[in-house]
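S.K.: Shown below is the structure under consideration.
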């Protein structure tokens with residue numbers, strides 16, 4: 001049975017609708033990757049609880065991003081078509097530096113996808129979608145990329161992963177204080 005057309009749909013191009021569905025999948029994938037990272041650092045043989053908390057928070061944030069896009073899709077009269085979520089590229093995140101580098105790469109990919117979605121919305125003359133992406137995503141992405149870049153820099157300066165104490169201290173003193181602000 002074909003999906004009936006929405007009575008609320010207005011100025012919402014099919015290409016934008018499809019791109020929003022792809023972005024939903026990417027946000028869910030990012031959430032899945034962060035969830036994997038979180039529970040890796042929660043293992044008894046890794047035991048970096050603030051890395052685990054940090055990545056769990058990131059996972060929840062990415063899932064919220066997906067849900068916000070799903071809500072937008074319904075508000076605009078689009079249809080949500082969920083796809084399979086790819087498994088993370090690895091199960092063993094090795095160490096904090098590797099995980100932070102992977103997270104930085106992931107956030108840059110998510111940001112690039114959002115920029116492409118914004119470009120498409122501009123080309124299809126959809127100011128509402130442009131505003132939505134600008135308001136809810138772009139600034140937050142830039143801040144996340146900067147934060148992860150800073151974490152990578154500090155872990156490298158501390159000698160991670162060569163010196164295990166560096167990760168322990170970063171976990172305790174940097175990530176351990178991030179939830180107090």
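A Cβ is built for glycine as well, from the same backbone N, Cα and C atoms used for every other residue.
Checked Swiss-Prot, it gives:
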DOMAIN    10-159  domain 'Ferritin-like diiron'
BINDING   27, 62, 65  Fe cation 1 binding site
BINDING   62, 107, 141  Fe cation 2 binding site
S.K.: State the count of C-beta atoms found within 10 angstroms of the C-beta of residue 107 (Fe cation 2 binding site), not counting that atom itself.
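M.R.: There are 23 such Cβ atoms around residue 107 (Fe cation 2 binding site).
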S.K.: Measuring Cα to Cα, tell me the gap between residue 65 (Fe cation 1 binding site) and residue 141 (Fe cation 2 binding site) in whole angstrom.
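M.R.: That comes out at 11 Å between the alpha carbons.
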S.K.: Can you grab the distance from residue 107 (Fe cation 2 binding site) over to residue 27 (Fe cation 1 binding site)? Cα atoms, rounded to a whole Å.
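M.R.: On Cα coordinates alone, these residues lie 10 Å apart.
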S.K.: Which whole-number value in Å describes the distance between the Cα atoms of residue 141 (Fe cation 2 binding site) and residue 62 (Fe cation 1 binding site)?
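M.R.: Cα-Cα, rounded: 11 Å.
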S.K.: Relative to the Cβ position of residue 27 (Fe cation 1 binding site), how many further Cβ atoms are located within 10 Å?
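M.R.: Its Cβ has 25 other Cβ atoms within 10 Å.
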S.K.: Taking 8 Å from the centroid of the Cβ atoms of 62, 107, 141 as the cut-off, which other residues in that chain fall inside it around the Fe cation 2 site?
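M.R.: Leaving out the recorded residues gives 30, 58, 61, 65, 106, 110, 111, 140, 144, 145.
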S.K.: May I ask you to report the DSSP-based helix, strand or coil state of residue 141 (Fe cation 2 binding site)?
M.R.: helix
S.K.: Given the Fe cation 1 site residues 27, 62, 65, which other residues of that chain have a Cβ within 8 Å of the mean position of their Cβ atoms, reported in sequence order?
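M.R.: For the Fe cation 1 site the neighbour list reads 26, 28, 30, 31, 61, 63, 64, 66, 69, 110.
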S.K.: So how many other Cβ atoms are close to residue 65 (Fe cation 1 binding site), meaning within 10 Å of its Cβ?
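M.R.: Summing over all protein chains shown, residue 65 (Fe cation 1 binding site) has 23 other Cβ atoms within 10 Å.
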S.K.: When you measure from the Cβ of residue 62 (Fe cation 1 binding site), how many other Cβ atoms are you left with inside 10 Å?
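M.R.: Around the Cβ of residue 62 (Fe cation 1 binding site), 24 other Cβ atoms lie within 10 Å.
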S.K.: Using DSSP, tally how many residues of the domain 'Ferritin-like diiron' (10-159) sit in helix, strand and coil.
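M.R.: Going by DSSP assignments, the domain 'Ferritin-like diiron' (10-159) contains 114 helix, 0 strand, 36 coil.
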